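Peer 1: Structure below; questions to follow.
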Amino acid sequence: METAEKECGALGGLFQAIVNDMKSSYPIWEDFNSKAAKLHSQLRTTVLAAVAFLDAFQKVADMATNTRGATRDIGSALTRMCMRHRSIETKLRQFTNALLESLINPLQERIEDWKKSANQLDKDHAKEYKRARHEIKKKSSDTLKLQKKARKGKGDLQPQLDSALQDVNDMYLLLEETEKQAVRRALIEERGRFCTFITFLQPVVNGELTMLGEITHLQGIIDDLVVLTADPHKLPPASEQVIKDLKGSDYSWSYQTPPSSPSSSNSRKSSMCSLAQPATTRLSSVSSHDSGFVSQDPTYSKPPSPMPSDITSQKSSSSASSEASETCQSVSECSSPTSDWTKAGPHEQPSATTLQRRKDRVEHLRDTEPGPTGGGTVGSSGEEVPRTRMSPATIAAKHGEEVSPAASDLAMVLTRGLSLEHQKSSRDSLQYSSGYSTQTTTPSCSEDTIPSQGSDYDCYSVNGDADSEGPPEFDKSSTIPRNSNIAQNYRRLIQTKRPASTAGLPTAGLPTAMGLPSGAPPGVATIRRTPSTKPTVRRALSSAGPIPIRPPIVPVKTPTVPDSPGYVGPTRAGSEECVFYTDEVASPLAPDLAKASPKRLSLPNTAWGSQSPEVASYGGGAAVGLATEDEEQQLAANRHSLVEKLGELVAGAHALGEGQFPFPTALSATPSEETPTPPPAATSDPPAEDMLVAIRRGVRLRRTVTNDRSAPRIL
């Protein structure tokens with residue numbers, strides 16, 4: 001009995017120890033759960049960071065694939081590595097979700113259940129133990145009473161005593177068994193907690209193992225990358241193939257830089273020069289409808305630092321730009337398509353140094369260029385053959401006297417005075433802006449945008465009385481600036497809003513083919529808009545890049561002999577604002593000329609005459625072959641007479657800039673000078689009508705049928 005009691009006491013103590021252990025484990029479980037929650041939060045942040053990292057990694061891989069130097073093998077390997085990392089990131093996301101859904105949340109719920117179950121076990125065990133102990137105590141007391149009676153010898157009590165002792169022993173055995181069952185339940189409860197924890201942990205570990213299994217695939221990829229990038233200083237065959245393929249391709253690189261800083265903040269010429277402009281975002285085939293000129297072709301864009309391949313083009317461009325400077329510098333340095341427009345214009349430089357440099361340049365080109373042996377041509381690819389011209393020595397030899405050395409200075413002074421007029425006001429025109437406006441991309445006076453596709457031509461004269469007068473005495477390819485004093489005379493006659501000008505590619509053809517009225521005289525300069533099949537493209541405000549600005553061209557026309565054998569009525573070789581005339585006897589190179597840049601056609605010829613050797617570069621080289629000795633002498637005389645009149649034009653130009661209009665009497669003495677008639681003899685010198693007389697006479701527009709809302713409305 002005592003032994004059984006001791007065993008029951010030992011079992012009860014064991015049960016109580018187990019229950020106490022379970023109760024003391026609650027803080028540990030709760031701490032684990034909180035730490036798991038923190039891990040889950042960090043893993044979520046890691047997943048987001050991994051997604052951003054892999055997006056950037058993918059861009060690097062794509063760049064390696066598209067870069068010529070990295071080769072596609074490196075890019076492909078990087079792409080595969082990025083894909084493996086994305087798979088790892090997916091498994092990491094699954095592991096993070098499993099950590100929260102399979103471990104943290106269920107474990108938190110089970111901890112509460114475990115607390116309840118442990119308390120219930122303790123209560124049940126205590127209740128059973130007390131009941132058993134109470135029964136044993138009661139039975140034991142009865143047994144003691146029987147023992148006392150048996151000792152006194154009262155009756156036969158021994159069988160009852162033995163039965164009572166057996167009942168007490170049975171009760172102790174029952175209590176012992178009850179304690180053992182209680183201990184088993186406690187052990188099962190404690191074990192069940194860890195089994196449940198393993199059940200919760202299994203999905204988390206499985207997700208982690210799957211994620212780590214993806215990492216093993218990175219070994220082969222990194223081995224391939226190490227082999228591909230073993231020698232960074234040696235080009236692989238794929239990169240060598242890029243160089244070989246480049247030889248047969250046609251590339252034209254354009255290097256463009258922002259223009260110089262504006263002189264004042266109020267100037268419309270100020271541009272966003274502080275912003276980096278894209279190099280080739282402007283389409284070279286799209287006409288600039290609101291600025292009045294065609295965008296610069298990348299073929300003619302010259303880099304700031306010339307490469308070896310540009311040496312020949314620079315030579316030809318210097319030859320082309322020197323033609324206008326030989327006869328009074330009517331075209332500034334930035335008007336040539338191949339000139340560097342990032343340099344300051346002639347109005348931004350000191351006048352003394354500009355004139356001296358131009359004079360030295362003219363003298364140098366006169367000394368180095370050959371005599372007039374043939375006319376140059378302009379090919380479709382933009383390359384120019386150096387054009388020949390009659391040197392001053394040849395003119396002096398044929399004319400009989402030497403040209404005055406001050407003629408060149410007078411010409412440059414006159415041209416500079418006329419070219420500086422475009423600085424006075426640029427509010428009404430976008431021709432001198434850099435291609436953007438504060439409100440709209442159309443001109444300020446235009447009411448609508450001009451689509452690239454049109455169905456008609458609008459033709460209006462800028463030559464005054466076209467019905468009674470002959471060819472004008474200024475160049476037919478001149479472009480009148482909108483904001484000069486010349487344009488002010490036009491505005492007096494046109495009391496309407498300024499139309500948005502258009503520009504396109506010139507096409508060669510006869511006047512009838514271009515829509516010119518048959519009754520129009522050959523000297524009427526027209527501005528016509530040609531229908532285009534290109535889609536409507538509006539110029540962007542600032543993404544189109546800087547636009548080279550061409551200063552106004554005000555050339556002087558040298559009179560020619562209408563009855564000379566080589567003289568034929570001029571024909572159209574251009575269209576729109578770049579109006580140009582050539583002879584009907586032009587060589588077959590004229591169609592190729594029409595395909596060239598319109599700005600190339602806008603350059604006036606050197607002699608400003610229709611029969612000079614320089615015209616052969618525009619209208620073909622056949623004029624030189626047909627010219628006779630008498631014609632050359634007549635041309636020399638015409639040029640000399642033009643130089644003599646330049647002195648008088650200087651005073652008139654300065655007076656014109658001040659608002660006065662004094663004109664030499666020699667230029668407008670007789671009406672026959674304004675309306676020249678064919679002389680009876682080819683050797684007679686026809687009087688010259690200069691540009692100032694045409695300005696004084698004014699301009700009269702001819703009505704045409706058009707439905708273009710941007711065309712000028714003649715009141």
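Including glycine, each Cβ sits where the backbone N, Cα and C put it.
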Peer 1: With Swiss-Prot as the source, identify the stretch among 527-562, 599-634 annotated region 'Disordered'.
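Peer 2: Among 527-562, 599-634, the range Swiss-Prot annotates as region 'Disordered' is 527-562.
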Peer 1: From the list T257, T670, pick out the residue that Swiss-Prot labels phosphothreonine.
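Peer 2: Out of T257, T670, Swiss-Prot attaches the phosphothreonine annotation to T257.
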Peer 1: Where does Swiss-Prot put phosphoserine, among S24, S274, S575, S668?
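Peer 2: The candidate carrying the phosphoserine note in Swiss-Prot is S575.
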